Amino acid sequence: MPRGNMANSSSGSNNGSSSSDSDSGAAASSGGGVESRPAVTVQLLQKLRGICARSAPWLWALWLLVVLALVYGLREPLMLGENVLAVTLFLNTLTPKFFVALTGTSSLISGLILIFEWWYFRRYGTSFIEQMSVSHLRPLIGAAESSSPTPGFAFSSGDTEPSSQNLSAECKVWRNPLSLFRGAEYNRYTWVTGKQPLTYYDMNLSAQDHQTFFTCDTDCLRPSDAVMQKVWRERSPPARIKAAYHALELRNDCPTAYVLLAEEEATTISEAEKLLKQALKAGETAYKKSQQQRPQHETQHRRDTDVMLYIKRRLAMCARKLGRIREAAKLMRDIMKEFPLLSMLNIHENLLEALLQLQAYADVQAILAKYDDISLPKSAAICYTAALLKARAVSDRFSPETASKRGLSTAEMNAVEAIHRAVEFNPHVPKYLLEMKSLILPPEHILKRGDSEAVAYVFFHLQHWKRVEGALNLLYCTWEGTFRIIPYPLEKGHLFYPYPSCTETADRELLPAFHEVSVYPKKELPFFIHFTAGLCSFTAMLALLTHQFPELMGVVVKAFFGTLFAPFGFVVEKIESFMSSGLWHQLT
């Protein structure tokens, strides 16, 4: 539902509720004091419940102190001392074989529990003990999970991807629509840190893209284009820059040479923008010339079109980086109107980011309505921007404690469903948005649903999430609930096709070596598996030591329990010293 409709419906419901309240108040006032008594009673009960809820911990502490005082005061009638002495004598008469059998049995039981927990985790992806405690114990104590959606909710069919879609297509590497400039940004990072932000595999993919976009079969007819055709295959950056200047000497209006200098030689965005403007002027001349000779030079016209599109897009990105956001948004809209069939280049993602910076949320919603379609490939920018707009309607007043008590409203449920949808598409994004994992410069190519796409999205969109009050808090409270919805093992997806298994390999080639690649589905071992493993190891060690050194272990156990109960005995002695025996006799 669009945000405007949700706002209207919510305001309508609020108006309806206020009118109903006023009607009920009028009825109560007209009916006299008889009908006002139940309302007063309800208010008193609510206040009483609030007082009880706030004082519950203190009441439990007071109750515990009373029980301890009664047990201590009634120790003589209940013969607690004699019973403790009898238990002590019984334990002293036990042979070392009993302790060996006891520790061995406990080690065996904990080992069986560990094996069962591990088998259950491998099959269902969760701990059996943890699942039972969450499912049966938490409802008994009144706790409710605010992050998990209500059972039985359904998404619209428009959000569901066909499960028969080819998985190999989803492992395709895409050009990052928000890629940075090598000279003005990537190289500056290398100068400061000494680290290479781009991998050889990523730069090789860029070289292939440049050969596809900026070359054609007729380049051999012009010396400058022939030089540039060799430049895009050159590996050394200084050699590429030198060859670009040589191409400008041969032809002063070579647009691709200006593009290379703007990308790799310019050390600031302002310098890159100046070179790109020169490239645009030269590119428009070549584009108009090839358009007039289009039937004879179809490949050349296609190449000139690609060059024009690339230059205009990078100029729009320069304007965005230099703070001229409205100009950047206008340039991107003009590009989308001039080249409507080139949606695969994802120019709308550049426009989405600029509009979010302008806080033009209505325009953002209009773009999402056009591009968030089942027939178009999804992306993290589309899914998480849709979730951000849904969260924006409720995040400023969202509280996990309140939601757990009264349940989620319709708008909150829509926001949670949108977050679950986004997290299922790319589960790596939330840790970067919540700053649980360090961020790096985005690569020039990304793998959709992979860690590389998450880095590229969060690098530019983290500021937009921070600007919306409470959006990150809502994401923090709800994003992990997605993994309880998706089947495990991931033989099928919930809203999308199953998560591809090739993402880790491709991300390791796209992202630099110093970055820790996020891997999914890689579920961490639950706490109870670690606990049972430690318990099994500890009891097995005790069984072995008790069998080998029974007398020594007996002394160690007695010393341990003596030390454990020493503070309690000290407190009892202090109490007896402060209070007379006659007072205790009267109390008992």
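Just so you know, glycine gets a Cβ as well, placed from its N, Cα and C.
Automatic prediction, not curation, is the source of TrEMBL annotations.
As annotated in TrEMBL, region 'Disordered' covers the listed stretch 1-34 rather than the other ranges in 1-34, 137-170. For the transmembrane segment (527-546), the residues of the chain that approach it from at least six positions outside its boundaries are 96, 99-100, 103-104, 106-107, 110-111, 113-114, 117-118, 121, 127-130, 553, judged by C-beta separation under 8 angstroms.
Packing against the transmembrane segment (98-121) from elsewhere in the chain are residues 127-129, 523, 525-526, 528-529, 532-533, 535-536, 539-540, 542-543, 546-547, 550, 553-554, 557: each is 6 or more residues past its ends and has a CB under 8 Å from a CB in it. Below 8 angstroms of C-beta separation, residues 72, 96, 99, 542, 545-546 of the same chain, each at least six residues beyond the ends of the transmembrane segment (552-572), sit close to that stretch.
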